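What Swiss-Prot records for this protein:
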BINDING   Gln86, Gly104, Glu105, Gly106, Lys107, Thr108, Asp535  ATP binding site
REGION    883-911  region 'Disordered'
BINDING   Cys912, Cys914, Cys923, His924  Zn(2+) binding site
REGION    939-995  region 'Disordered'
COMPBIAS  957-969  compositional bias 'Low complexity'
Amino acid sequence: MMNFLRRLLGDSNEKELRRLQPIVEEINRLGPEFAALSDAELRAKTDEFRQRLADGETLDDILPEAFATVREAAHRTIGLRHYDVQLIGGIVLHQGKIAEMKTGEGKTLVATLPLYLNALEGKGVHLVTVNDYLAKVGAGWMGPIYHFLGLTVGFIAHDQSALYDPDFIDPDANPEDQRLVHWRPCTRREAYLADITYGTNNEFGFDYLRDNMAYEKSQLVQRELHYAIVDEVDNILIDEARTPLIISGPAQKSSDLYRQMAQLVRQLRRSSVTAKQVKEEGLEPDGDFFVDERTKSIYLSEKGIEKLERLLRIPPGESLFDPEHYEKTHYIENALKAQFIYQRDRDYMVTPNGEVVIIDEFTGRAMPGRRWSDGLHQAVEAKEGVAIKNENVTLATITFQNYFRMYKKLAGMTGTAYTEREEFAKIYNLEVVVIPTHKPMIREDLPDQIYATEEAKFNAVLREVQEMHEIGRPVLIGTTSVETSERISAMLKRAGIPHNVLNAKHHEREAAIIAQAGRKGAVTVATNMAGRGTDILLGGNPDGLLEEFLRKEGLTIETATPEQKRAAWEKARAQTEAEGEEVRRLGGLHVIGTERHEARRIDNQLRGRAGRQGDPGSSRFFLSLEDELLRRFGPVDRIKGLMERFVDSDVPLQAGLLDRTIEGAQTRVEGYNFDVRKHTVEFDDVMNKQRQIIYADRKAILDEADMRERVLDLMAEEIQRQIDEHLIDGFEEEDLTNLLRAYRRINSTLPASVTAETLKGKTKEEIEQYLLDHLETTYAERERAVTPELMRTIERRVMLGAIDRQWVDYLTAMDELRQNILLQAYAQRDPLVEFKRESFRMFDELKQNIARDIVYNIIPATFQYEAYLRQIAEEQARRLATAQTVSSDGNGEVVRKPQRRSTPQIGRNELCPCGSGKKFKHCHLGREHELASLLNAQPSAPPASKALKSTPATQTAVAEEAAKIQAAINSGKLPPTQTTPRGRQAPSVPRGKKR
């Protein structure tokens with residue numbers, strides 16, 4: 001039926017391509033005209049386009065000319081000219097869609113077209129890749145095009161930011177790779193101010209979070225999120241969609257409970273009855289716990305709970321789930337997952353220095369620096385017996401889903417997106433357009449071979465590799481885990497077949513190994529998508545063979561002359577071209593998949609390594625009924641029974657029915673994972689709206705020069721709240737006393753002489769006005785004491801500090817809410833509706849807590865800075881006294897005498913000599929005359945606080961030092977204001993019970 005409708009109505013993708021064809025023809029028509037322009041005339045097109053945009057034309061109006069300009073500039077600078085299909089890809093990207101372009105079709109070159117066009121608006125455009133190397137190489141390779149046309153190009157990495165400058169030579173870069181040598185270091189802000197910025201998804205996201213933790217406007221690096229092209233868009237927006245970016249800080253130290261629970265769960269026995277049988281057939285588990293492999297969840301049986309209660313020595317009559325023991329369930333759950341679900345060399349690896357490093361499920365790459373949250377990483381560390389690192393508290397977090405949806409226009413490109421088009425449309429509002437290849441695809445995708453056991457499958461893989469290796473065809477073997485890649489490597493070694501292994505443990509030479517995987521007789525074992533972004537050239541890459549040819553001549557990259565390098569490169573090129581032709585005659589690259597992935601597009605990515613740009617090639621998947629996908633989602637038992645009865649273990653099945661079964665299993669998993677991600681984004685959207693409100697408030701505080709009135713308004717609201725709380729109709733003296741006690745928590749300068757008696761006889765309105773007048777007077781005095789300029793900074797710092805402190809607590813509370821809210825489903829309530837209701841209530845509390853945090857800390861914060869000012873002024877007063885005190889010796893001559901200090905030099909953080917037990921800065925700093933009396937010594941000068949009031953010179957010094965403090969704050973040398981010795985923690989609005 002669907003095929004009939006497609007024939008009747010036409011394929012929507014073909015319609016879209018036909019619609020774009022006239023634009024391509026217009027660009028081609030402009031080709032000769034632009035080819036006739038001089039370099040200067042072609043370069044001047046950029047200014048012309050900018051002016052036309054300023055005059056009211058749109059990007060669509062100038063698209064044909066802009067694309068023709070880039071095409072000609074690319075031809076003149078890097079010797080590449082965009083094909084028509086690449087022009088189509090560029091138009092699709094400009095329109096904010098996803099362009100599916102097969103491996104080797106030149107996505108890096110395609111991106112130059114929409115990047116140039118959209119950069120003309122002057123708002124900054126981003127090219128997002130999956131790793132630093134691809135970002136730097138891509139920007140450096142295309143850099144000459146942008147530079148020729150007068151655009152600036154920036155690059156950001158984890159520990160580097162730079163601008164493309166052809167006149168700059170990086171002494172530390174490989175001089176043979178021109179893509180890497182012309183990067184001039186710059187600040188991160190400068191890299192973002194470039195017309196075009198290349199970087200990774202992680203760095204763009206983390207910079208956004210860091211910007212929203214900044215305390216000064218000068219610390220911001222990103223501009224408004226305008227336009228981005230996401231390379232490998234399926235990897236970033238789908239595979240990584242549920243992975244949140246988290247900036248964290250240290251929390252409490254890790255508990256010994258992790259090690260204790262790791263030992264306890266080893267004594268538990270897994271049930272042979274599966275989760276599916278428990279749910280669908282009502283069977284009872286025959287062990288202490290059972291595993292739902294589909295959701296990667298673990299459930300304790302009644303027997304298991306009783307066993308744990310015995311092992312934990314919980315007293316009779318009490319339960320593991322009682323409040324006093326409930327905390328342990330969190331550790332038990334993580335210990336069970338670490339022991340029975342997360343496998344070493346599949347989900348993580350342990351480095352030689354004892355660090356647990358996560359392995360990316362989709363790429364097989366190690367991800368150093370990333371940690372599982374919520375205690376899972378600590379549980380795995382306890383399982384492996386390595387050092388357990390402290391838990392962290394989340395300071396800021398965002399998912400890729402929410403970060404990339406903030407761009408005004410978003411586009412993406414990848415080799416495999418069509419199977420996920422529904423998800424791209426529903427979550428990101430992105431349409432997928434399949435771009436035709438420049439040359440016809442002639443790769444042969446052979447039928448799957450399915451074996452009963454894993455052992456039979458791997459034996460068949462070995463036989464196929466031997467056959468291909470004997471005739472000289474290069475082979476790429478794709479695996480789903482480090483463990484599998486090492487198992488195959490061991491088999492190849494025993495068979496005497498030379499090969500390269502590329503997995504999380506051997507990633508250093510990733511690009512080099514993949515680039516040479518197309519040489520004659522090469523055998524490469526790689527985990528999923530390793531080397532993605534690097535083309536496999538049949539015959540090999542001459543750049544990678546350069547060192548080998550130089551070594552034969554007794555030379556190295558460093559010692560060879562340019563002429564020797566050029567000669568060696570020509571030899572390498574000739575060899576790779578000849579070898580490439582031979583490999584093509586043999587049939588090209590043969591790709592072997594050792595297991596089907598949950599997502600069909602991951603399988604397609606592996607197949608896509610062969611047959612690039614019209615080259616010959618082939619692919620085949622070898623499967624077994626013991627593979628995880630079939631075990632979890634396929635009707636294994638029925639098929640296995642048939643195979644055991646009718647087929648020898650070494651004979652594969654190639655039935656079309658099984659192919660449909662496998663594809664059906666993959667479709668079900670894709671649907672399930674889509675639902676999970678959709679469910680995740682529905683919950684995240686609630687948090688995202690709240691994040692946007694908080695971050696917008698932070699930005700307003702950074703942008704606003706004077707927050708005085710806002711702070712006073714917050715204080716007035718808090719006083720009103722205190723009066724409403726304490727002074728109910730017919731209030732008594734005790735109520736007035738409680739009110740004054742509450743007010744002094746905001747403003748401790750209220751004289752002790754002000755008592756309930758002072759306020760007796762006044763109305764509520766008169767009392768409120770009395771306190772407001774006193775508060776405003778105090779505020780004005782504090783402002784004079786620290787100078788108005790510094791007061792503005794104190795206001796900003798206290799407000800930002802309050803937002804950040806309360807936001808961190810809120811993130812923790814929301815995380816707990818999200819974990820527990822799913823229990824609402826058991827009460828026949830929609831968890832999402834309940835989550836929204838509860839989170840809105842908590843968000844109102846958050847706003848109240850932020851306001852009260854500001855109110856209770858603003859005045860104490862001024863004393864913190866004034867104490868610092870007093871210390872500086874005191875030192876200046878003493879220096880003045882030492883230099884200028886004079887006396888007569890009786891002969892009329894003036895004798896200069898040094899002014900002696902009658903009290904010893906005391907550091908601010910030393911204990912005060914008065915014996916109070918407090919630090920000097922919290923006790924007698926500024927009241928040295930009192931301290932001198934206590935120590936039976938007369939002070940040599942009036943106290944610094946008096947000198948500040950009486951001496952114009954020291955008042956000037958205070959203003960100068962205030963300016964210095966302001967400068968230090970702006971440069972990040974002084975920390976944000978937190979609570980102070982005189983300050984008190986603001987009372988929080990109760991959030992309800994925590995788990």
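Here, residue 1 is simply the first one shown, and the rest follow in order.
In case you wondered, yes, glycine gets a Cβ from its N, Cα and C as well.
Other Cβ atoms within 10 Å of the Cβ of Gly104 (ATP binding site) number 20 in total over all chains.
Neighbour density at the Cβ, taken as the number of other Cβ atoms within 10 Å, is lowest among the binding-site residues Glu105, Asp535 for Asp535. A count of other CB atoms within 10 A of each Cβ picks out Gln86 as the most crowded of the binding-site residues Gln86, Thr108. Among the residues Gln86, Gly104, Glu105, Gly106, Lys107, Thr108, Asp535 said to bind ATP, no two Cα atoms are farther apart than 17 Å.
Taking each of the binding-site residues Gly106, Lys107 in turn and counting other Cβ atoms within 10 Å of its Cβ gives the largest count for Lys107. Summary of the ATP site environment: with the site residues Gln86, Gly104, Glu105, Gly106, Lys107, Thr108, Asp535 set aside, the chain residues having Cβ atoms within 8 Å of the Cβ mean position are Met101, Thr103, Leu109, Val110.
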